[in-house]
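Here's what TrEMBL has on this protein:
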type	residues	note
ACT_SITE	B:K98	active site, schiff-base intermediate with DXP
BINDING	B:G159, B:A185, B:G186, B:A207, B:T208	1-deoxy-D-xylulose 5-phosphate binding site
DOMAIN	B:8-250	domain 'Thiazole synthase ThiG'
Amino acid sequence: MTHTYRLNGDARTWQPGITLRQTLTTEGMEGTWFAVALNGAVVPASQWDATAVPPDSELEIIQPCQGG
Amino acid sequence: MPSNTWELAGRELTSRLLLGSGGISTASTFAECITATGTQVVTVSMRRSGAAVVSGLLPTIQASGVHVLPNTAGCRTAREAVLTAQLAREAIQTDWVKLEVIADDRTLLPDCVELLDAAEQLIKDGFRVLPYTTDDLVVARRLAELGCSAVMPLGSPIGTGLGIRNPHAIELICGEVDVPVVLDAGIGTASDAALAMELGCSAVLLATSVTRAEQPALMAAAMRDAVAAGHGARRAGRIPKSTLARASSPFVGMVGQ
């Protein structure tokens, strides 16, 4: 059975053992000025390497945009 | 402290104009507006990656050296606003947040029940909270008592350009809370910004009146001058209003007396 997770609302195929860092690299998210929430909780950048993305997770990647 | 400086959330500022980046068309235009206003604080919203960020906006803001104030625009609940603020803190490395919790998309009016809840949570979490609120004195007072670093009442709904619909309410807030009052939302033209300062506001926060003006940089300069003029008039102490005339020329020594 293929598992998925959702990134900014879109389904992605889940791979066993995938970390948050690997996910961000795959999505082309590098550098600064963005942040990540996993299942509704902020994950600091210092923990991206050590944080596994469980199947069926909800991942949000947020960055600044014009506004206010 | 010289009279033209003021303190916002632990930071000493000389400009009394906070500039929103909402409504900008290009990053270069926004850079001109930053320069023309002389602002030291610029707001941004927080959106999912891949959203339509104006090309070059973030490098432009970084290069300008202004302090970045993230907002929670679009959030409808305290829960959404708290998570958005926490993400902004992580992304931008600032403990400042312009807290917005709106009730609906048509009026964009603040939901003060959710706002107070979110403000309390964020202050406990170490944020310096700058809440966008209504012009209700009681709510403003509650926000200040919670520990907000400022209160930011609307002059009129966001983006309307209707100016300050209830000057008495804004003046009342300015006189009754002991944190800076920043007039936020509704400013349409320079006289609105001047009025806010004359009423006793410490600063104004504006965006679309500049960014969507026919000539944004020209309006930005006009807003800078208006804020300075209004602040100067407030400090100078205006004459009392009178329903009857009061002659400025002497009555003695007139021809025929």
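From the backbone N, Cα and C atoms, a Cβ is placed for every residue, glycine too.
Everything TrEMBL records as a feature, shown here on the structure.
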residue	record	DSSP (3 states)
B:K98	active site, schiff-base intermediate with DXP	strand
B:G159	1-deoxy-D-xylulose 5-phosphate binding site	coil
B:A185	1-deoxy-D-xylulose 5-phosphate binding site	coil
B:A207	1-deoxy-D-xylulose 5-phosphate binding site	coil
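Around B:A185 (1-deoxy-D-xylulose 5-phosphate binding site), a 10 Å sphere centred on its CB holds 29 further CB atoms from the protein chains shown. Around B:G186 (1-deoxy-D-xylulose 5-phosphate binding site), the same-chain residues at least 6 positions away in sequence with a Cβ under 8 Å from its Cβ are B:L154, B:G155, B:S156, B:P157, B:I158, B:T160, B:G161, B:L162, B:G163, B:I164, B:R165, B:D192. Each of the binding-site residues B:G159, B:A185, B:G186, B:T208 was checked for a CB under 8 angstroms from a CB of chain A; none meets this. Within the set B:G159, B:A185, B:G186, B:A207, B:T208 that the record links to 1-deoxy-D-xylulose 5-phosphate, no two Cα atoms are more than 9 Å apart, and one pair reaches that distance. Within 8 A of the CB centroid of the 1-deoxy-D-xylulose 5-phosphate site residues B:G159, B:A185, B:G186, B:A207, B:T208, the other residues of that chain are B:G20, B:G22, B:P157, B:I158, B:T160, B:G161, B:I187, B:L206, B:S209.
Sequence-distant neighbours of B:G159 (1-deoxy-D-xylulose 5-phosphate binding site): residues of the same chain at least 6 apart with a C-beta under 8 Å from its C-beta are B:G23, B:L108, B:A185, B:T208. Mean model confidence for the domain 'Thiazole synthase ThiG' (B:8-250) is a pLDDT of 96. Neighbour density at the Cβ, taken as the number of other Cβ atoms within 10 Å, is lowest among the binding-site residues B:A207, B:T208 for B:T208.
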